[in-house]
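Below is one structure, written out as structure tokens; the observations come after it.
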Amino acid sequence: MTENNDIKMVIITGMSGAGKTVALQSFEDLGYFCVDNLPPMLLPKFVELMADSKSKMNKVALGIDLRGREFFEHLWGALDDLSERTWIIPHILFLDAKDSTLVTRYKETRRSHPLAPTGLPLKGIEAERGLLTDMKARANIVLDTSDLKPKELREKIVQLFSTETEQAFRVNVMSFGFKYGIPIDADLVFDVRFLPNPYYIPHMKPLTGLDEEVSSYVLKFNETHKFLEKLTDLITFMLPHYKREGKSQLVIAIGCTGGQHRSVTLAEYLGKHLKPDYSVHVSHRDVEKRKGH
């Protein structure tokens, strides 16, 4: 491993019910490779696999559950081993919460505490807190989630662990053909089959909306201009609200019949319109499918 291949590793642990699941989901949104409930004794082997991997796995978040004293012996040894590896940068994130908050969360979810499966949650919380005293002391960051809603916890993690680029709200604009199905990951879908179709002009049939002649044709119509005016106004209004609600990305799908001409032209237009203000990626799902509209 070289310095250019340094791996940032975050070990997520803490009190049961303090938000580990939300934390892992947040790291996943930040592009981390996430593994939940990794036994501490497997950490050295996992690190070896990362070192041997030819993939660009340079950010890893591990959820580690520590409910038995024997786990700590393995963990301390593994952490000492990590400290000797110059190409890996480990951080320990300890999630905590007030006892009263944890009790309330267990009651709301009707789950039993793992250390008190048949008893009162508070007994299990007290036992777990005692087990985790040393772990909390060793953590780089201790985060109290008592007064944090899931959305607020996510925002806190993004603030603590993301770069400016990773914090950017990502917008994916995709063209597609309805004949091949609506993209299952689309958040917003717009149908542009009402616009004039270049497919029926013989010399444009084999072309796509990426070709200047096709895009100029589609964009020359008054109805296209009116639609784009309304579409850009709507999207520009909606995006800040989606971002404020905690979404890390939005997929906008624009469809025509075959996904080659009209939808491609408008997806390109929308992408260029949004790029000055957002991190935008434009893709064309069906542009290579030459099967006719």
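For all residues, glycine too, the Cβ spot is worked out from N, Cα and C.
These figures come from a predicted structure and were not determined experimentally.
According to Swiss-Prot, the features are:
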- Gly14, Met15, Ser16, Gly17, Ala18, Gly19, Lys20, Thr21: ATP binding site (BINDING)
- Asp65, Leu66, Arg67, Gly68: GTP binding site (BINDING)
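When the binding-site residues Gly14, Met15, Ala18 are screened for a Cα within 10 A of the Cα of Asp65 (GTP binding site), the ones that qualify are Gly14, Met15. Met15 (ATP binding site) counts 22 other C-beta atoms within 10 Å of its own C-beta, drawing on all protein chains shown.
Classification of Lys20 (ATP binding site) by DSSP places it within a helix. Long-range Cβ neighbours of Ser16 (ATP binding site) (same chain, at least 6 residues apart, Cβ-Cβ under 8 Å): Leu102, His113, Pro114, Leu115, Gly124, Ile125, Glu128. Taking the binding-site residues Gly14, Gly17, Ala18, Lys20, Thr21 in turn and counting surrounding C-beta atoms within 10 angstroms, the largest count is reached at Gly14. For the binding-site residues Gly19, Asp65, counting C-beta atoms within 10 A of each C-beta gives the highest total at Gly19.
Apart from Gly14, Met15, Ser16, Gly17, Ala18, Gly19, Lys20, Thr21, the residues listed for ATP, the same chain places the Cβ atoms of Ala23, Leu95, Ala97, Thr145 within 8 Å of the centroid of those Cβ atoms.
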